[in-house]
Amino acid sequence: MKPSIYSLTRDELIAWAVERGQKQFRATQIWDWLYKKRVQSFEEMTNISKDFVPILNDSFCVNPLKQRVVQESADGTVKYLFELPDGMLIETVLMRQHYGHSVCVTTQVGCNIGCTFCASGLIKKQRDLNSGEITAQIMLVQKYFDDRKQGERVSHVVVMGIGEPFDNYKNVMCFLRVINDDNGLAIGARHITVSTSGLAHKIRDFANEGVQVNLAVSLHAPNNDLRSSIMRVNRSFPLEKLFSAIEYYIEKTNRRVTFEYIMLNEVNDSIKQAQELADLTKTIRKLSYVNLIPYNPVSEHDQYSRSPKERVLAFYDVLKKNGVNCVVRQEHGTDIDAACGQLRSKTMKKDREKVTATK
């Protein structure tokens, strides 16, 4: 199985071409064809030597993904189900925001973090995506825009799809460098957010990278007992370790951290828990932000339900009175398989039923 050429940063592409007797400008031409003209095959690169095109074809594919399902919401949200070369399925979501077009990408096939409310973890991690497979998600959404010929572009990226990004650290960092490259897609670092469930040692590594990419932490509980019961990762990285890493990140980068907090009815949404959350974030208040997220119910996790609006607002009021920067997240795609992992799970179930029916 040939790797995608999207797996290479521009410097890596230059080094690869030079090793094969090409001038540096040849790699720059290839890069422009990929990310500015956004061709889907090497044969479309008309200023590349005909002798070199077969070498490219022997070494790489361009886009390794195949589109399986597309769902479009009334609010303009688009959910894609892509098939990888090995037949595995991943999800990508396009969200139309007032500030631009944001794409949520997947970094792993399945997830081992084990959050008890999440559709992503219904299927255990089968493998990491390589950086080319992550970049390809952006490229296919951008192709959707290019085909419409309305001058639209992917302006923001959130690494919050299926999988734990920091459990696939090397490939995610390569992906970030590719999409941020000023000579390519040029998606600004401050328009990119990486979300982690709380791998404290990787938060420290990320702080040391010197990138301007935003960091979000999936918190979802204000104390260790509750967080360990709904997020298995907390048993390895309890709040003390997590917040030590977050404080290091803030000190090192002087950048704000966003805390994601899914509102689960009568689980983590009481007034007492709101005060606990305010107290937990007190020392980093100036450089932190809490995002309260309405829960998208998952049939396999029917022990959880969405917090009623009045409980969300009461929780929000406690945070605001304590000086916490917070917002209730606007919902997208509520009329399609909105929860991360739902579309993939449903499609895999249908595929299994088809196989069973033909036996």
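From the backbone N, Cα and C atoms, a Cβ is placed for every residue, glycine too.
The following features are taken from Swiss-Prot:
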type	residues	note
ACT_SITE	Glu91	active site, proton acceptor
ACT_SITE	Cys340	active site, S-methylcysteine intermediate
BINDING	Cys111, Cys115, Cys118	[4Fe-4S] cluster binding site
BINDING	Gly163, Glu164, Ser195, Ser218, Leu219, His220, Asn296	S-adenosyl-L-methionine binding site
DISULFID	Cys104-Cys340	disulfide bond
DOMAIN	97-329	domain 'Radical SAM core'
Query raised in the report: What residue among the recorded positions Cys104, Cys115 has the most other CB atoms lying within 10 A of its CB?
Result: Cys104
Report task. Count the Cβ atoms, other than its own, that fall within 10 Å of the Cβ of Ser195 (S-adenosyl-L-methionine binding site), considering every protein chain shown. Result -> 20
Query raised in the report: Given the S-adenosyl-L-methionine binding site residues Gly163, Glu164, Ser195, Ser218, Leu219, His220, Asn296 in the record, what is the largest Cα to Cα distance, rounded to whole Å?
Result: 19
Report task. Report the nearest neighbour of Gly163 (S-adenosyl-L-methionine binding site) in space among the recorded positions Glu91, Cys111, Cys118, comparing Cα positions. Result -> Cys111
Query raised in the report: Counting all other Cβ atoms within 10 Å across every protein chain shown, which of the binding-site residues Ser218, Asn296 scores highest?
Result: Ser218
Query raised in the report: Of Cys104, Cys115, Cys118, which recorded positions are close to Asn296 (S-adenosyl-L-methionine binding site), meaning a Cα within 10 Å of its Cα?
Result: Cys118
Report summary line: Using a 10 Å radius on the Cβ of Glu91 (active site, proton acceptor), the other Cβ atoms enclosed count 25
